[in-house]
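Trainee: Pasting in a structure now, in structure tokens, and then I'll have a few things to ask.
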Amino acid sequence: MRLNTLSPAAGSNPSKKRVGRGIGSGLGKTGGRGHKGQKSRSGGKVRVGFEGGQMPLKQRLPKFGFTSRKSLVTAEVRLSELAKVEGNVIDLNSLKAANVITKNIVFAKVVLSGEIATAVTVKGLRVTKGAKAAIEAAGGKIEE
């Protein structure tokens with residue numbers, strides 16, 4: 001194989017469509033755009049979701065719910081992620097230092113997902129019932 005013998009695989013480099021270049025090309029006259037109408041004109045596009053003046057589906061459906069502002073500063077921490085923290089006292093700052101949660105997080109909750117093998121002390125974090133049982137079974141404890 002040499003640089004001067006390289007060529008693209010068969011069919012991988014099709015020639016571009018040359019539109020409006022005569023009837024024999026197959027894309028002459030209207031150039032594959034059909035007859036008249038907005039989509040046949042240059043710049044004739046409709047925005048996403050536009051239904052020709054009819055009230056769009058997005059606006060016909062009711063609004064519901066909201067985004068809790070508290071959820072933006074709250075994180076769920078899995079039991080398996082507690083192993084990433086060095087030391088056996090786990091609090092908000094140690095989770096941030098270990099890059100388990102981001103710096104803008106104010107509240108964290110430990111949930112039962114994965115396993116924990118080492119005995120750790122969890123300070124100042126919310127803990128689910130299942131996670132609490134798993135931490136205590138591993139010889140750890142929870143402090144408020």
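Cβ coordinates come from backbone N, Cα and C, glycine included.
In case it's useful when we look at the structure, here is the feature table from Swiss-Prot:
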| type | residues | note |
| --- | --- | --- |
| COMPBIAS | 1-14 | compositional bias 'Polar residues' |
| COMPBIAS | 21-31 | compositional bias 'Gly residues' |
| COMPBIAS | 32-44 | compositional bias 'Basic residues' |
| REGION | 1-52 | region 'Disordered' |
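Quick one: how deep are these features, and who are their neighbours?
Mentor: With a cut-off of 8 Å between Cβ atoms, none of the residues of this chain six or more beyond the compositional bias 'Polar residues' (1-14) come close.
The helix, strand and coil residue counts that DSSP assigns across the compositional bias 'Gly residues' (21-31) are 3 helix, 0 strand, 8 coil.
Residue counts for the compositional bias 'Basic residues' (32-44) under DSSP, split into helix (H, G, I), strand (E, B) and coil, are 3 helix, 0 strand, 10 coil.
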Trainee: Report, as numbers and ranges, which residues of the same chain sit near the compositional bias 'Gly residues' (21-31): CB under 8 Å and 6 or more residues beyond its ends.
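Mentor: Same-chain residues near the compositional bias 'Gly residues' (21-31) but 6 or more away: 40.
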